[in-house]
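Heads up: the structure comes next, in structure tokens.
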Amino acid sequence: MAGAGERKGKKDDNGIGTAIDFVLSNARLVLGVGGAAMLGIATLAVKRMYDRAISAPTSPTRLSHSGKRSWEEPNWMGSPRLLNRDMKTGLSRSLQTLPTDSSTFDTDTFCPPRPKPVARKGQVDLKKSRLRMSLQEKLLTYYRNRAAIPAGEQARAKQAAVDICAELRSFLRAKLPDMPLRDMYLSGSLYDDLQVVTADHIQLIVPLVLEQNLWSCIPGEDTIMNVPGFFLVRRENPEYFPRGSSYWDRCVVGGYLSPKTVADTFEKVVAGSINWPAIGSLLDYVIRPAPPPEALTLEVQYERDKHLFIDFLPSVTLGDTVLVAKPHRLAQYDNLWRLSLRPAETARLRALDQADSGCRSLCLKILKAICKSTPALGHLTASQLTNVILHLAQEEADWSPDMLADRFLQALRGLISYLEAGVLPSALNPKVNLFAELTPEEIDELGYTLYCSLSEPEVLLQT
């Protein structure tokens, strides 16, 4: 009897398996690539639930060698957005089968399949071209309607930043004439015409003057902390030049120039000593220091519904190394200065586009707008997206405007691959992992969100 029951269960299971195979084999014809992918995932989930229901109650759940549940046996009690290592392996295999050519994605609404005659090669190429142009047109429409900032808004925001920079420069020279500073200057995506959606932030770089014989920079990877992309600024020759020989000795902590202490020094000036309401009235702006934790940020209301945030960013230059006081996400690294790569990255991107009238910057701005408008992608930074484009530019030579859709899809696929590996090397300094400050959970959520949209990228344009 037991044997008969076992055979019966096996027969039933084979029947369900046959039905599932039939549904999946015909799903793509009816639903297209995106629909087939989603149906496959849902069908697999139902089959797993059925398998568990008919299995013995005491049978243990199969675990992977690492002790975690595998992609084949998902943890139903966990978050669907957190992918363990085995699930990432399955994700990698799945990526190999997904299409990357924009012509693969049918943007038309669903209609019943009809018998079609065998098309000639020219007709097939024409259809692919039309589908590619459909995605291309949607990307361009998204850029015009959602990503691009009106020229007038950009000009007014830049003028507000210039006015405040001039006032701050005059105040520091008058009140702190002994503070060794070079001329402040504006930087950031708004200044470089790479900002999207709204003109709402810019950086004010404040260069400190350091004596070259009293200070040196030590790469983070050469320290016990082993943090590439960050530096320690060490005070040198204290036996010959005692404390007080440099103005910035007051900001030394444990023998190193502390970016946190430097930032605190400027915070007292920016937030505590300057009468911003009076300056705002003079300039016809509403100016106030941003609340914590944005200690070195000014919020400027330059129109009724327009706000600009100005980040006050101290900077030091030693030799060819430019560092900024932008802290690491982890508090234990608050004594480290961040290596400034953004100016060089932007210059390379601009040079590449100027050389061939390419669409690299346009593709980057569309990606930035998507991430800015999609909360689940909010952890991706402009620097990370810029480096994805720079890496892709090394692989692909043709960046003519009509290739925008193809390059956009390749950038999405490349970004998912970097997230899967947990490593995005800097295009200018490969030792620097631009994902190093993301947590595993953040990386998994980003990868999950992008992977789910890869079969139907138009979804990203609807946020």
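Placed from the backbone N, Cα and C atoms, the Cβ positions cover glycine too.
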From the candidates Ser55, Ser134, Ser246, the one which Swiss-Prot records as phosphoserine | Ser55
If Swiss-Prot gives Ser187, Ser189, His201, Ser340, Arg342 as binding ADP, which of Lys158, Lys368 does it give for that site as well?
-> Lys368
Looking at the candidate ranges 234-242, 378-386, report the one that Swiss-Prot labels region 'Important for interaction with DNM1L'.
-> 234-242
From the set Ser94, Ser129, Ser216, which residue is assigned the annotation phosphoserine by Swiss-Prot?
-> Ser94
According to DSSP, Ser189 (ADP binding site) sits in coil
Please work out which residue of His201, Lys368 has the most C-beta neighbours within 10 angstroms of its C-beta, and give that one of the binding-site residues.
-> Lys368
The correct three-state DSSP answer for Arg342 (ADP binding site) is helix
Take the region 'Important for interaction with DNM1L' (160-169) and count its residues per DSSP category (helix H/G/I, strand E/B, coil), listing them in that order.
-> 10 helix, 0 strand, 0 coil
